[in-house]
Amino acid sequence: MTARGYILFALMALALAGVGAFQSWQLAITILNMSLISAIMALGVNMQWGYAGLFNVGIMGFTAVGGLAVVLVAQPPVPEAWAAGGLGALLGLLLGVASILAAVVVYQRLPKGRLRGLAVFAVLVVGYFITSAVFGPATQAIEAVNPASEGYLGGLGLPVVLAWPVGALFAAGVAWLVGKVSLGLRSDYLAIATLGISEIVIAVLKFEGWMSRGVNNVTGIDRPVTRPVDLQAAPWVQSLAETLGWGVGQTASVVSGLGYAGLFILVLGVLIWLSERAWNSPWGRMMRAIRDNEVSARAMGKDVKQRHLAIFVLGSAVCGLAGAMMVSMDGQLTPGSYEPLRFTFLIWVMVIVGGSGNNWGAVLGGFVIWFLWVQVEPAGRWFMELVTSGMADGSDLKAHLLGSASYMRLLTMGVALLLMLRFAPRGLIPER
Amino acid sequence: MEFLNALVSLSNFMLIPALAYGSQLALGALGITLIYSILRFAHFAHGDTMALGTAAVIGGTFALQGAGVSIAPLPTALLAVPIGVVAMVLYLLAADRLVYRYYRRVRAKPMIFVMASLGVMFVTNGITRLFMGVGETRFEDGARFVFSVRDFRAFTGLSEGLALRNAQAITIVTALIVMVALFWFLNRTRAGKSMRAYSDNEDLALLSGINPERVVTITWVITGILLVLAGTLYGLDKGFRAFNYFQLLLPMFAAAILGGLGNPLGAIVGAYVVAFAEMGVTFAWRRVASYLLPDGFEPSGMVQLLPVDYKFAVTFMILVIVLLFRPTGIFKGKVL
């Protein structure tokens, strides 16, 4: 990292410290933790965009799949639900996969022609009806089990940290499917395909209640760090609170937040170390060569499509990891809260502002943009109050403007993105 | 009789809604395909610009309603469309001057354009929400139905009813007029021909004295008209919610790709294919089937292939199939 990078990171730390001193340390820690997660997402996107020039607008989907992994790994299983329809649901899934595979086999074996089309169609139709005959009743039975608090299969009841790599694996699987279909075609196709898959992932999370409880949310997921409530009882926290002169509740939540921060910094550190190694390796040089001139890279005998697929899967896996970490920090999976603006496009702003093609830049972008995202809202409210101060109290326009202050952040992010792209396209910490 | 009842039920719940939805998508997909063939990038801000255009129309509608202007039985919003069109054309041209023109000049890669359109999308999104919030706004007024279920039953004596809502009829008619006008413009007028020439071979078009900035301006004007109409018709039909417009992006892109990016006729066909596939797969066929199948064979379930929540999955499957088997679309892309 250059001197410029160190200075920028120092300024960022100062800004966070300022939040701690003037607003509250709890807020500062919350921003820090989410910034760390955002930085990991930005790192993943930077692999795809900065290393390979791939445009992924489905980040939301990959993070959500990572989040699902937390539920499936860490939640205790629900034995009644398993008894009611667990096997049926699994069998249904297998049948679904089997019918798609059968269609693929038929497609490959039969000669080209109308017969092949009809045969593939017939296999899919028959497969669909068999699958739904098994799958439908099973999932209904599962969702009927104690629907107020369960109504899903639950997970494996394993330690929650295990879910993080599993989340990465899930995201990698989804990315492999998408990449297999849309890479090697016109570059915009990947963008549109990823946009689609992310909407589908969210739809699945929302409506497959047997798996994720859907819009009923899974709450109370096991956390890797002791919860503030449990910390409050610990004598060392109480004595720490006394030394600092804070309330016990505040101290406990700061300590708990710092625990997460430690874990996240560890993960981020390992990822950055690996990314930097990769960037400086022959592999990294090859990726940049492909990015900068696909045709000549192909002439040198590089399999561009395979390399693109590999880096796309890798970057998405990192996003999945970050998604899993986020869910285990919140302790809940809320499919309704996944919004493309927040989980896809904001991450893009981070990468562009931070500096695409530079790992440290992406990380810094994650910090800066998340900080702005949180802090622009009060600033927007202040701005709106300034604008409306001349208006009569109780006027509709004033109330409306004050009420919409929170949308100022979208506007700000867009302007930030456009300005950076235009005047400093290489970002805060440019690629070396 | 049974067959007629089946047909009427099918029309009422699927064919007419799908036709209206397809027309709305077609107008949107036409804009995407035009931008792609002239400016050569995937315009991600399309959905949100549609939302902002509709917001402008809604503003105009409310102002007109406040002034007591009405063209009942037609919705007042139709009168306000020109207001929205002017506003959006100005907005799009401003975006072009402030954002895209620079990248044209430096001949940036297409992906940079897409990125810039993401920035425009954010800004547009923010402005729309500043005005409209995130809730649903309904702005349909005038008569609700061209003919209602009761009229239809009384007229035909069938047991199944068929209703044609005003919004649906207006959508289908408007879309038809706009499409004809657009093709007339592209094929018959000088400006349209210069657009086609520019899209076909940029260098040759420049050489023959076509002013690229003029072509670009015309493209944005047409896009502005198309997207305000598409947005307004969609809003009249289903109510205005900013987020729904963003979500239209996927079906619109799928339609444009299915028809071959850059091919206007393809975009229209693609839009109807996407609309009918979405509605057909998520439609509960039970009623129709119960008329068509012999007695005693009535289906017990809903006979719905996928729940409505998965309509994106249908669009996406279409997209995947196209990308796998016919990446250039059913008609070959990039011919304006």
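Every residue gets a Cβ built from N, Cα and C, even glycine.
If you look up TrEMBL, you'll see A:31-47, A:54-75, A:81-106, A:118-136, A:156-177, A:189-207, A:254-275, A:308-327, A:347-374 marked as transmembrane segment.
Against the transmembrane segment (A:54-75), stretch A:156-177 has more CB pairs under 8 A than any other of A:81-106, A:118-136, A:156-177, A:254-275, A:347-374. Scored by C-beta pairs under 8 angstroms, the transmembrane segment (A:347-374) has its highest count with A:31-47, from the stretches A:31-47, A:81-106, A:118-136, A:156-177, A:254-275.
Through the fold, the transmembrane segment (A:81-106) approaches residues 116, 119-120, 123-124, 126-128, 130-132, 134-142, 144-145, 150-154, 210 of its own chain, all at least 6 residues removed from its boundaries and within a Cβ separation under 8 Å.
Distant neighbours of the transmembrane segment (A:308-327): 34, 37-38, 40-41, 43-48, 51-52, 54, 56, 59, 62-67, 69-71, 163-172, 174-176, 178-180, 183-184, 190, 221, 264, 267, 271, 287, 290, 333, 347; these residues of the same chain sit at least 6 beyond its ends, with a Cβ under 8 Å from one of its Cβ atoms.
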